[in-house]
Amino acid sequence: MGPVLLTLGLAVLTWVFVVGDLVRRHRPAWHWYLVGYPATACRVVFTWGKVAQLNDLAVAKRPPRGLLGDLVVKGDPLRPVAPRISFPRATRTGLTMVVRLHAGQTPATFLKAADALMHAWKVHAVRVTSPERGIVLLTATATDPLQRPGLASAPAELLSALIGVLESGGAWVMNLRLVPHWLIVGATRSGKSTLLARLITQLASQPVALVGIDCKGGMELGLFARRLSALATCRREAVAVLSALVVDMQDRMSACRAAGVRSIWELSDKARPVPVVVIVDEIAELYLSDGTRESKAEAEQCSTLLLRIGQLGAALGLHLVVAGQRVGSDLGPGVTALRAQLGGRICHRVNDPGTAEMTLGDLNKDAVAVAQSITAEERGVAVCTGPDGGWSRARSHLTPTDEAVTTSRKYAATTPELPAIGRALAGLEGDAK
Ligand SMILES: Nc1ncnc2c1ncn2[C@@H]1O[C@H](COP(=O)(O)OP(=O)(O)OP(=O)(O)O)[C@@H](O)[C@H]1O
Ligand SMILES: [Mg+2]
């Protein structure tokens, strides 16, 4: 009987391991609900008292002073009490707990303890928010959802692009109607051009004019040449394109003034000019000069023109999406002013803390720390800002070269014409001959 039982036991155990592993790999959500969540929930419940005490989250009911005869003695309070925590609730990607703060406590103490909680509960990350006064919501993510991101869905809207997925599993959407101008930053090979490719692929099917400025010889944006209403591949061309756009912007302004409206969106469908998205890959190519007078003048012109579009373009349907490795004032004084106009921010892996600080620092200090922790393997991972002033870790969807080419060919016929820009570029060619 004994050997039979043993064999049977071993067979069942092997089956459990094999099936468990298959479920983990192919149905990570099931695995999380069946195995990961119960284990992590127990860990949270059993370690909460100790973790709270070690991280100064527990508070003593009695003051840390007492009377000893005529003397007041001070010391460490006895038996501090941890704040009440709710039973962990399972979500698809992790678990959430609600903590009721003791009087006098603030969420800041919990923010400081987030790393300790992450290690104690063996989860990927713990985020601390305070949805209500006196309440802290702890959201733990079990594993990095951006390691194998699927593609979330989002409603199709004009000037809105589904870029990828957020850490929460939601859709990462860039909506230019809500946030008109964007700055995309990252070290080399961090995923900037991939993100631009995704943006263009998403906007290609919409009635939107796309203008590319790619002064690295047009290698990246050139793939989309057939769907671009104009493409500048050197700084001279960029100046011509931007100058024509500024003239066009003034025409739009006059049209709005004549109709007595404050933006092109208030004009009738017939009278409304087509929205234009100007996409710049590598801003440094526009701003750096080699010291010659001509080069300096061109850089200054680019700076002034971009700034003007940034300042006035939003209401007139002119949008800027600017990518670059650095956005510091070493590129010239105009960069700081332009940065201030680019409200939407996306920060990939960066080489120096200063760049993350410049991109996200004026919005949120925690976002800077998270951006700095992006590793070289995590290509396409970035910290992005949302329309409500919040921020999130996210990953863009990789657009392979053939998909880019197919998309641009498919929608080539719908490319809006921008005759003024065409004439400006043709004028340059004429000069060169
Ligand atoms: N979201 C992503 N998912 C998977 N892989 C990605 C993603 N984004 C980028 N990569 C990979 O990283 C490589 C480099 O990305 P990309 O060319 O976009 O970087 P970059 O920031 O534009 O670099 P550079 O500054 O040198 O132009 C891509 O060829 C691709 O293989
Ligand atoms: Mg690039």
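Glycine too: its Cβ is placed from the backbone N, Cα and C atoms.
On a predicted model such as this, the values are computed, not experimentally measured, just so you know.
As recorded in TrEMBL, the features of this protein are as follows:
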- 169-357: domain 'FtsK' (DOMAIN)
- G186, A187, T188, R189, S190, G191, K192, S193: ATP binding site (BINDING)
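Counting every protein chain shown, the Cβ of K192 (ATP binding site) has 24 other Cβ atoms within 10 Å. Other Cβ atoms within 10 Å of the Cβ of G191 (ATP binding site), summed over all protein chains shown, number 26. Under 6 Å, Cβ to nearest atom of ligand 2: this is the test, and of the binding-site residues G186, K192, S193 it is passed by K192, S193. When the binding-site residues T188, S190, S193 are scored by other C-beta atoms within 10 Å, S190 scores highest. Each residue in the domain 'FtsK' (169-357) has a pLDDT score, and their mean in this model is 93. Other Cβ atoms within 10 Å of the Cβ of R189 (ATP binding site), summed over all protein chains shown, number 12. Summary for the binding-site residues G186, A187: the Cβ-based neighbour count within 10 Å is maximal at G186.
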